[in-house]
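Peer 1: Next up is a structure, given as C-alpha cells.
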Amino acid sequence: MVYLKVKYIIFAVGQWLLVQKSEIPRLPLLVCTVGYSILSMTSTPHHQAAPHTEATSNHNSPNPTYDADSAPKDSVVLPAYSTEDKYEDDPWNLPELQDNGLKWSELDTKGKVLRVLTVSVKFILLVGFLYMFVCSLDVLSSAFQLVGGKAAGDIFQDNAVLSNPVAGLVIGVLVTLLVQSSSTSSSIVVSMVSSGLLEVQSAVPVIMGANIGTSVTNTIVAMMQAGDRNEFRRAFAGATVHDFFNWLSVLILLPLEAATGVLYKLTKIIIDSFNIQGGNNAPDLLNVITDPLTDAIIELDKNVISDIATGDPAARNKSLIKIWCKTEKITTLVNITVPSDANCTTGALCWVEGNKTLTQINVTETINLERCNHIFVFANLPDLAVGLILLALSLLILCTCLILIVKLLNSMLKGQVAVVIKKVLNTDFPFPFGWVTGYIAIMVGAGMTFIVQSSSVFTSAITPLVGIGVISLERAYPLTLGSNIGTTTTAILAAMAAPGETLANSLQVALCHFFFNIAGILLWYPIPFTRIPIRLARALGNRTAKYRWFAALYLLLCFLLMPLTILGLSLAGWQVLVGVAVPIVVLAIFIIVVNLMQARCPQYLPSGLRDWDFLPRPLHSMAPWDRVVTSGMAFCGARCCKCCQSTDDEEKGLQERKKSLEIYDNPVLTRDDEPQETSKETMKATQL
C-alpha cells in the first residue's frame, strides 16, 4: 500500500513538472522519472502475490475483466491519466495549421507555377491590406483629434486639477483616448511644461495615463475577431495583456511617485549630469510610406490643441484642419503710439512728435504661399462634421482590412511554412538559455515599434496574429513590453530635437515615460511568478469568449466610466475622493483575498464564505446578466427587423397604389378596362 502511494505521488509530481518544464530546471523531472521507473520494475502488485483467485483467473484469461468486489481490500486502483486528453480541448493551445492541398513534390510544372503565382498574389494583397490598415489607424487618430481635440486642450488647461496625481492620471487616459495618440498627448504636456504652466513633477502622472490610454486601440481591433469564439478569446487576451500591465504598473508606481518623486528625481539627476545638446529630428521611417495617402485625405494643425492647452485665446477659434501647407513668416518694424516714455520697450527706439510718443516694435506677419492637397481643403465643414465622416470611414476600412488580413493569413499559413513560423516565434532557446528568449522578444518589439514609430500600430498588428494562433500569449507579452520601450525611444529622440530653451523639460518628460516602462518591466516580467498580466488577460479572455458583450462593457468601464468617475471625485476635492475610493479599494481587496482562499485553502474560511451562494445570483454570476443582454438584443433585433419589414411593406404598398392611380388616370387604359369591368358585373348579375 505504501509503495503504491509513493509511486502515485512521484508520478503526479513528475506530470506537474512536465507541464511546468518551460520554467523549472529538468533535474527534478529526471529524478521523478528515474524513481517512478525503479518502483515500477521492483514492485509487485498485491493480487499477483496472493493465492489464485477468481480475480487472478480473470486477469490471466483472454478477455480479462476487473471485479471490484473480488479485488483485495488493500489494493489501490490508479486513475487513468493522459496529458493529451487533458490538454486536447484546451482553447489556449495554438491551433494546428494544416495544409489540405498537394505537396510541392506532387505538383506538375503547371501546378507549381500556379502555386507560386497564388502565393505571390496573396503576399502582395497582404502587404496592401497591412498598408491600408496602418493608414486607417492614422486617419482614425486624426478623426478623434477633430472630434475631441479642442476638448482635450480644455481639459489640460485646468492646471489646479493636474496638480492632483490621481486626477492627472485619469486626464492623461481621457485625453489620449480622445486624440488616439500618446505622442500627441505627450507633446501637449511638453508644451505646457516648456511654457511654465505645468511642472515636470505634475506631468509624470499624466504621462502614466497616456501610457494607459494608448492601449485602447488594439483592444478595439481585438473586438473585430468576435466571430470565432476561440480566436476572440486569444485576440482579446493578447490585446488586454497590455492594459493589465499598464494598470498594474500604475497601481504600484503612482503612489510611489507621489510619495517619493523617484522618477522625477532620477531623470533630474540624468539631465543635470550630462551636457545634452539638441540634435536632429527623429527619423521618419514608416511615415515616409503612409504620409502620401493620409495627407491626401486630411492634414491637421496639431499646434492648435497645444495653444488651447497653454491658454492662447486666439486658438479657440482656429480650425484643426490645415488649409495652407506652405507659409512664410515676415517680421517688420512698425511705428506705434504709446502714452509716454515709460511705456517704451527697453532698448527700443522711442521719440516724441508733437503731442505723440512713438516707438518701434517687431510685428510678425504670416504669408500663405501654397494650399494643401487633401480632399477637405475646400470643404466648408466644421471640424466635428469632418471628424465624424473620417471616423466612420476609418473604422469601416479598419474592420474590412482586419477581416481580410485574418482570412489571408489563415490561407497562407499552412503546411511547412506554418510549422517554421510557429517554431521561430514561439520556441525558446535550448536549456539553460530559455530565459533569454523573452528578453530578445522585448528587443524585437522595441525595434519594430521604433521602425513604425507607433506602439498602437505594432500592437494592433500582432493582435490578429495572436487570435489566429500564430503567436502565443506568452510570446505576445514581451513583444508588447518592448513596444512600450520603443515608443518612449522615439519620444526621447523627438525631445532631443527641441529648441534649447525647452530641451531640458522635453527630455525630462520623455525620460520619465521611459523609466516608468522600465520599472514596470522589472516588476512584472523577470520572475515567471510575477507575470500576473498574462494570467489576468487569460481570465478576461475566457470571460469575454463566453459572454462576448462583456468586451464592450470592459472598454466602457476601464477607459470611460471609471476615469470620468475618478475625475469627478477629484474635482470635488481629495477628501471626497479618499472617502469614496478607500471603501471600494478595501472591498475589492477583500473579494480578491476570499476568492484566492476559496480556490486554494477553503478550510480556513468560515462556512458561509466558502462560496458566494449566499449572495443573489446576479452578484456572483454573469449568467443572469447574459440572459438579460441576450434577450434585449434579440428584442431590439426583432423590433428593428419588424420596423424594416413594415417600412418595406409600406413602400411597396405606396408604389402599388401609385401605379394603380397612374393606370386609372391613363385614359387609354381606362377605355380598355371598362369593358372588362362591365362584363364582370354582368356575369355577377347573371349568376345571381
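Note that Cβ sites are derived from N, Cα and C of the backbone, with glycine treated the same way.
Summarising the annotation, TrEMBL assigns region 'Disordered' to 47-73, 655-688. The compositional bias 'Polar residues' feature in TrEMBL is assigned to 54-64. Residues or ranges marked as transmembrane segment by TrEMBL: 113-134, 166-190, 202-224, 244-264, 384-409, 429-450, 506-527, 547-570, 576-597. Residues annotated as compositional bias 'Basic and acidic residues' in TrEMBL: 670-688.
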Peer 1: Quick one: do the transmembrane segment (244-264) and the transmembrane segment (506-527) reach 3+ CB pairs under 8 Å, ignoring pairs fewer than 6 apart in sequence?
Peer 2: yes
Peer 1: Are there residues at least 6 beyond the ends of the transmembrane segment (547-570) whose Cβ is under 8 Å from a Cβ of it, and what are they?
Peer 2: 161, 164, 166-167, 169-171, 173-174, 177, 213, 216, 219-220, 222-223, 226, 229, 232, 236, 240, 243, 247, 540, 576-577, 580-581, 622, 625-626, 629, 633
Peer 1: Hey, which bits of the same chain come close to the transmembrane segment (166-190), Cβ under 8 Å, at least six residues off its ends?
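Peer 2: Residues 140-141, 144-145, 147-149, 151-153, 155-156, 198, 202-214, 216-217, 250, 254, 302, 305-306, 309, 454-456, 487, 490-491, 494-495, 498, 502, 505-506, 509-510, 513, 559-560, 563-564, 566-567, 570-571, 577.
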